[in-house]
Amino acid sequence: MKIIKISNNSEAGKVVSDLILEEVKSNSNIVLGLATGSSPITTYENIIVKSKEQNIDWSKVTTFNLDEYKGLAPDHSQSYRYFMNNKLFNHINIDSKNTFVPSGMIETNQEAQKYDELIAQKGGIDLQLLGLGINGHVGFNEPGSEFEGLTSVVKLTKSTIEANARFFDNEKDVPTQAISMGLKSIMNAKKIILIATGEAKAEAVKNLVEGPVSKNWPCSILLNHKDVTVVIDHEAAKLLK
Ligand code: GLP
């Protein structure tokens with residue numbers, strides 16, 4: 001696991017956007033795994049600016065997002081599809097047909113696993129971007145999730161609902177379930193970059209970097225992956241030995 005220490009999320013955006021754009025420049029057919037949440041926003045902002053400046057071609061790039069809230073339609077202002085269109089896709093020359101976000105209308109795990117089949121059909125994810133939940137979740141794989149899990153309908157924990165309530169008018173509006181790529185779907189990516197900034201992530205970062213690998217901290221499974229880069233600020237790193 002490679003660790004890059006930066007001073008804040010704005011610097012994370014500069015560093016991670018460069019890492020992603022280098023990959024896109026060297027492989028115009030790349031398959032990217034993308035994340036939502038506040039952590040990757042500065043990365044997407046930098047990608048938009050640099051793609052214009054450097055004339056980077058996204059027309060053959062394919063993207064798969066990690067997760068979507070169950071029950072939210074793509075045009076719902078808190079859906080992850082809406083987030084991705086607004087924060088990234090509408091501002092680069094990506095073909096919308098090549099951007100995939102799990103449907104919030106999926107009801108069964110059988111339907112959900114078609115997402116993994118689609119990822120495999122497209123050749124698998126070359127580079128997966130991740131954020132980190134306060135409780136160590138990646139995607140919406142909450143503590144206790146199976147390491148072998150594929151895309152499925154998942155139940156959100158109370159702490160995740162509380163953490164994400166800031167994006168909704170009312171905590172009661174936060175969906176209690178989501179469709180999320182599983183830990184195995186994530187581990188199948190060839191390369192992974194995770195962004196974690198701020199003190200609230202410190203305990204999860206400690207478990208991610210120092211282990212032990214345990215279902216109590218889903219992020220700790222990344223210790224078993226051979227190409228993970230973790231981009232953290234001093235606050236998120238403060239419990240590390
Ligand atoms: C959300 C998302 C995750 C994200 C995490 C952290 O619940 N499902 O994919 O990484 O929480 O969010 P943030 O970056 O806003 O701290």
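Glycine too: its Cβ is placed from the backbone N, Cα and C atoms.
Those TrEMBL annotations? Automatic predictions, nothing curated.
TrEMBL lists 13-227 with the feature domain 'Glucosamine/galactosamine-6-phosphate isomerase'. Confidence annotation: the domain 'Glucosamine/galactosamine-6-phosphate isomerase' (13-227) carries a mean pLDDT of 98 in the model.
Per TrEMBL, the feature active site, proton acceptor maps to ASP67 (among others). The DSSP secondary structure for ASP67 (active site, proton acceptor) is strand.
The active site, for ring-opening step annotation in TrEMBL covers ASN135 (among others). Long-range Cβ contacts of ASN135 (active site, for ring-opening step) within its own chain (separation 6+, distance under 8 Å): GLU142, PRO143, THR157, SER159, THR160, ALA204, TRP217.
The active site, proton acceptor feature in TrEMBL is assigned to HIS137 (among others). DSSP classifies HIS137 (active site, proton acceptor) as coil under the three-state reduction.
Annotation source TrEMBL lists active site, for ring-opening step at GLU142 (among others).
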* **Neighbourhood of ligand 1 - active-site residues from ASP67, ASN135, GLU142 with Cβ under 6 Å** => ASP67
